[in-house]
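Q: Below you will find the structure I want to go over with you.
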Amino acid sequence: MHLLILLPALCVLGAHSAPLSYTYLQHRIQEKPQKDHGRLQFNSLHYPHIKGLLNAHGSWNPPRCGVPDIPAPPDSSSGRNRQKRFVLSGGRWDKTNLTYKIIRFPWQLSKVKVRRTIAEALKVWSEVTPLTFTEVHEGRSDIIIDFTRYWHGDNLPFDGPGGILAHAFFPKTHREGDVHFDYDEAWTIGNNIGTDLLQVAAHEFGHMLGLQHSSISKSLMSPFYTFRYPLSLSADDKHGIQFLYGAPRPPTPSPTPRVEVNQVENESNEIPAAEPDACKTNFDAVSTIRGELFFFKSGYVWRLRGGKLQNGYPALASRHWRGIPDTVDAAFEDSVGNIWFFYGSQFWVFDGKLQASGPFPITDIGISVTQIQAAFVWGTEKNKKTYLFRGGEYWRFNPETRRVESRHSRRIGDWRGVPKGIDAAFQDEQGYAYFVKGRQYWKFDPFKVRVMDGYPHLISQDFFNCQASSTFVNSLR
């Protein structure tokens, strides 16, 4: 049986001096203060992984959530001190379809980016439960998200930059669903220069749904704030939230009749303010990375493995590559596992540990253009070459020297049947090349060295099993 503990409604995520946050909370919840040595002994016992994070004076260095850590009791049936890992707050939502509203936004980030990140943080929990989250802009909502300052009406003031980052209230309390972020923090997305909004929000939403802290060091619900990418739930997080709400409901499949495509006009249906729909949009870039196919659009990425879209996608690309630009023009993986991203007149390189270098100007590679529209690696295993495309021209590129083989471009007409102005290109396991433009793609035969008969096809149907809209079907006739 899992332990249910009735705790105060508050979770506070602190940025710097955890002892101050801890003492502050003790005062707020009117608990008897502990001596420092007792607090350290307690946490070393129940959170052994943090011993190395204490300095010589026994002070806490890592940022952490300020709620006192209440461990599960010993397992009396076994006679051993076997701990229950996740802990529940004592409450849960009585419904699974929840609405949320964002009242105010941080000054450093656009509303579009904040909305996108909040939706992504909620999706971390909805993809493993039956929960759904819908943003509303008017009227009442179940969840209130606010970026506010100092004293703001709940007797739990923020303290300006640093210190307290955010707090949330548990279900079945007088302020259930309230999640507050300190407006004055240096909020960022996808990097550790400031405070990463995605990771803080996902942690706070776990409390808002009813989870307390976990004693697992790599758990999202660990009290210690760690900048970690890609963001994902640990098994402990998943067990805890599914104990409250159950597993996700299986999707209901729907028939997807195929539409034959002979000729399709280039269409664009960018949805910048919301999560893009793969069935209705074009793509900024497509690339084969680590044997999987990634589609990029407006800061989001779809991940296909073995031709199947993976659960939890689309997701923010920054969950995989911290520091990636919001939009990607082209991407490819080189022979040693580095991943290259191009946007505008710059490029970034992520090494095998996903550490980024850059941005660098495109002129560094030996060409005087302001954008690369597509890039891919093509050829046999022993004779792979990297190609960069822009408009009606292309270059062969050497990632080892970071230079093009010749600053003089070649004509895309060398790739018989491939249109000018492609948006992306990639190669499959059989050696066939794919060229993407708008919502269509052309399959290129490596043996006949030309586009195969019957192309272009629709990306949405062949890769995402979408049914074409009647408007789009009529445009094909």
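Each Cβ is built from the backbone N, Cα and C atoms, and glycine gets one as well.
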Q: When you check Swiss-Prot, which of Cys65, Cys279 turns out to share a disulphide bond with Cys466?
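A: Matching partner in the record: Cys279.
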Q: What is the total of other Cβ atoms whose distance to the Cβ of Cys279 (disulfide bond) is within 10 Å?
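A: Summing over all protein chains shown, Cys279 (disulfide bond) has 19 other Cβ atoms within 10 Å.
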Q: Return only the integer: C-alpha distance in Å from His203 (Zn(2+) 2 binding site) to Cys279 (disulfide bond).
A: 31
Q: Name the one residue among Asp154, His167, His180, Cys279, Cys466 whose Cα is closest in three-dimensional space to that of His213 (Zn(2+) 2 binding site); these are the recorded positions.
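A: Comparing Cα positions, the candidate nearest His213 (Zn(2+) 2 binding site) turns out to be His167.
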Q: Specify the nearest of the recorded positions His207, Cys279, Cys466 to His180 (Zn(2+) 1 binding site), where nearness means the distance between Cα atoms.
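A: Result: the closest of the recorded positions to His180 (Zn(2+) 1 binding site) is His207.
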Q: I'd like to confirm something. Which of the recorded positions, His207, Cys279, Cys466, has a Cα closest to the Cα of Asp154 (Zn(2+) 1 binding site)?
A: His207
